[in-house]
Amino acid sequence: MLQAKPLRSSSTGALAGTIRVPGDKSISHRSLMLGAVAVGETVIHGLLEGEDVLNTAAAMRLLGAQAERGGDGVWRVRGVGLGGLGEPAQVLDMGNSGTAARLLMGLVASHPITCVFTGDASLNKRPMARVTGPLEQMGARFVGRSGGRLPLAVVGSDRTVPITYRLPVASAQVKSAVILCGLNTAGTTTVIEAEPTRDHTELMLRHFGATVTTERMEDGALAVSVVGQPELTGREIVVPADPSSAAFPAVAALLRPGSELLLPGVGMNPRRTGLYDTLVEMGANIAFENRRDEAGEPVADLRVKHGPLKGIVVPADRAPSMIDEYPILAAAAACAEGTTVMLGLKELRVKESDRLAMVADGLTKCGVKVEVGADDSLTVYGTGKPPQGGATVATAMDHRIAMSFLVLGMATAEPVQVDDGAFIDTSFPGFVALMNGVGAKIAGV
Ligand SMILES: O=C(O)C1=C[C@@H](OP(=O)(O)O)[C@@H](O)[C@H](O)C1
Ligand SMILES: C=C(OP(=O)(O)O)C(=O)O
């Protein structure tokens, strides 16, 4: 159990400078997992060294791969080859990370080994039936307490069968779990998604040499297929800066008069950029400079300048492309002029915390008028004036809630305190120092 770390954020002047945002969390997890089942060495530049990803690295070592940070800051993974993962001698503790738990359950399910998965108090509350269901159809078994929550033992099989699976929720984690089980399954495994979710698994599998195809169905859904049992070869990977982490300094710069921040090399995969589209619609001054491709992923340097924001309606079909960014969007909306309506937020209820409830409670405490709809929508009534602040906000082991309210505190009349900033290290190590380095005033309490 981490020691709680209360933090307070006070009103700042203009923010100015450059922030090198750490590597993309989704891509970092996948690079360690695929490197571990490839033949030969995978060299990873810019791996996120946050706790979620370090837990994945530890798990891959327990499963038999080598995964180490070199003195040059570059990570090297020596894989065991597809099908070669061995039974871990210890419980796989995935900490706070849903991505690590769900993707790894898929990857080990097609091996004749038993792995016990657990997590922290937040992860052990999150639904796992969404992955155990399809993995059972493929031939894996699960043993655990009722309700489909961790801790769970995965009893894998080397005789898994390919399936065609239509996602009941828009989830890249579920899509990836099925594809990763299909990877070591003879035949072709297909996942059908009605709404496009992040495609880092598909892109990286191709990079490692697998055949992954995407086909549009008559009803507009996408069918993603992987041909099982390819030869995967170790690769070089360059991890872009995480657009979900960049969202925090970006919104901070938008909110503080006179600010200008440069955020170099931020991932611009179109399945991840919903927040930036939304902020631009709200009137944000963001320039996407020097657009380029780095190791198969589009990136750009973001130059963000302060300017007034106006409230808008954010459609439900945008949710998959900005699913982790609603808490920080809500902070921006609280400082905008006019009402912002965010539709289709049901999935926010099963993240590290119930983010819909946590955001609504925290904003209310800070003097912002909000409404949560029965349809899982969130309406934030911005007045164009700084919200009051002056409250302590609960974070419920959720890094994004903590960072969102610390950014809000830069713009409120009185400081905002969060009850625990310790979980920020899961996704954005160095957040406080980097923000203070460009002019923020965040301090321990
Ligand atoms: O595949 C991934 O790397 C992720 C998918 C999303 O979760 P869901 O698949 O549950 O929507 C997102 O919230 C999470 O932070 C990372
Ligand atoms: C939801 C998140 O991550 P995970 O599902 O991996 O815990 C997140 O980082 O916001």
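Any Cβ shown, glycine's included, is placed from N, Cα and C.
As recorded in TrEMBL, the features of this protein are as follows:
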type	residues	note
DOMAIN	13-433	domain 'Enolpyruvate transferase'
BINDING	K25, G98, R126, Q173, R355, R400	phosphoenolpyruvate binding site
BINDING	K25, S26, R30, S171, Q173, D324, K351	3-phosphoshikimate binding site
ACT_SITE	D324	active site, proton acceptor
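Along the domain 'Enolpyruvate transferase' (13-433), the predicted structure has mean pLDDT 98. For the pair K351 (3-phosphoshikimate binding site) and G98 (phosphoenolpyruvate binding site), the C-alpha distance works out to 8 angstrom. There are 27 other CB atoms within 10 A of the CB of S26 (3-phosphoshikimate binding site), with all protein chains counted.
Highlighted here are the binding-site residues (S26, R30, R126, R355, R400) whose C-beta falls below 6 Å from ligand 1: S26, in sequence order. Remark: R30 (3-phosphoshikimate binding site) has L103, S176, H200, T201, M204 as non-local neighbours, by Cβ distance under 8 Å and separation of at least 6 in sequence. Sequence-distant contacts (6 or more apart, same chain, Cβ under 8 Å) of K25 (phosphoenolpyruvate binding site) comprise L48, G50, D52, V53, T99, D242, S244, S245, S427. Note: the CA-CA distance between D324 (3-phosphoshikimate binding site) and Q173 (phosphoenolpyruvate binding site) rounds to 13 Å. Separation of the C-alpha atoms of G98 (phosphoenolpyruvate binding site) and S171 (3-phosphoshikimate binding site): 11 Å, rounded to the nearest whole number. Counting every protein chain shown, the Cβ of S171 (3-phosphoshikimate binding site) has 22 other Cβ atoms within 10 Å.
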